Amino acid sequence: MESGNGTKISNFLLLLGLSGESELQPLIFGLFLFMYLITLFGNLLIILAVSSDSHLHTPMYFFLSNLSFVDICFTSTTIPKMLWNIQTQSQVITYEGCITQMYFYILFAGLDDILLTVMAYDRYVAICHPLHYMVIMSPQLCGLLVLISWIMSVLYSLLHSLMVLRLSFCTDLEIPHFFCEIKELVQLAYSDTFLNNMMMQFGAGLLGGGTLTGILYSYSKIVSSVYRISSARGKYKAFSTCASHLSVVSLFYCTSLGVYLSSAGTHSSHSSAAASVMYTVVTPMLNPFIYSLRNKDIKRALKRFLGMETISR
């Protein structure tokens, strides 16, 4: 039965790519449930802290709250379905469900990438043009940057999804992954996938390479500007405002690069699935901790929100 020429695939068999041992399934379920709840709780606290504290109503924290929201959505596209599969002992996902999961996965991964670049630009303006920061990073520009990020990600994800819809598949497929990853899905098609492979390579180079270039350019200007500051205290203060963002960027790109290298350097889909855990689960979970532990404003806002600190009059 084919999917690209009018007949829909009835079911996909989605295999958990982390462990095939049934006795390990309860351990995997508990571990991923714990990480998922920590991700939801941590990112939600960041959003609530930023929205409830007027001192954090600045461009930097506006972008941070958007990043936290995207991280919640990003993790929610894969982990709940995987937990449901383990709990019900059923590894079946419908064709429509697989395409939908793939669409939102690409969407929120792209948003993560673009928002980190926007945050790098925000730090560049704050350090290199401090006197004009509030003028340049106006609420209108911040809203426009987030809107453009969404539009670009939606179009990028839609293009990939439409490219997959044109492919033909067998009725029953086994995807050796814990979610419908586009590369694994395309490899299972029995129609010509040349355009899909070209689009994936081009998209990865354009989105990943373009955003990384923007981040590196912003920080090259930041380093150049900080180098001209005479006092050591001034240099430390300037770099400290970038420390959390740099940590998140490093974690994001190192894990995504690990996924890319594991899929390109080995034929084992299980290795690719294991590497994807860092990218799709661990990174969104650690982001709130990185920002809250290294940022005094966030820690103060969290204490106020949780009632652990009395606001001085």
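Cβ atoms here come from the backbone N, Cα and C positions, even for glycine.
When the ranges 178-197, 198-217 are checked against TrEMBL, the one recorded as transmembrane segment is 198-217. Within the same chain, residues 14, 16, 29, 32-33, 35-36, 39-40, 43-44, 46-47, 50-51, 93, 97, 101, 104-105, 108-109, 111-112, 115-116, 118-119, 122, 142, 145-146, 178-179, 248, 280-281, 283-285, 287-288, 291 sit at least 6 positions outside the transmembrane segment (62-83) and bring their C-beta atoms closer than 8 Å to a C-beta of that stretch. Mean pLDDT, taken over the domain 'G-protein coupled receptors family 1 profile' (42-291), works out to 86 on the 0 to 100 scale. Outside the transmembrane segment (133-159), and at least 6 residues removed from its termini, the chain residues within Cβ reach (under 8 Å) are 59, 62-63, 66, 103-104, 106-108, 110-111, 114-115, 118, 121-122, 125-126, 199, 203, 207.
Cβ atoms under 8 Å from those of the transmembrane segment (27-50) belong to residues 16, 18-19, 56-57, 61-62, 64-65, 68-69, 71-72, 75-76, 79-80, 82-83, 86-87, 281-282, 284-285, 287-289, 291-292, 298, 301-302, 304-305 of the same chain, restricted to positions at least 6 beyond its ends.
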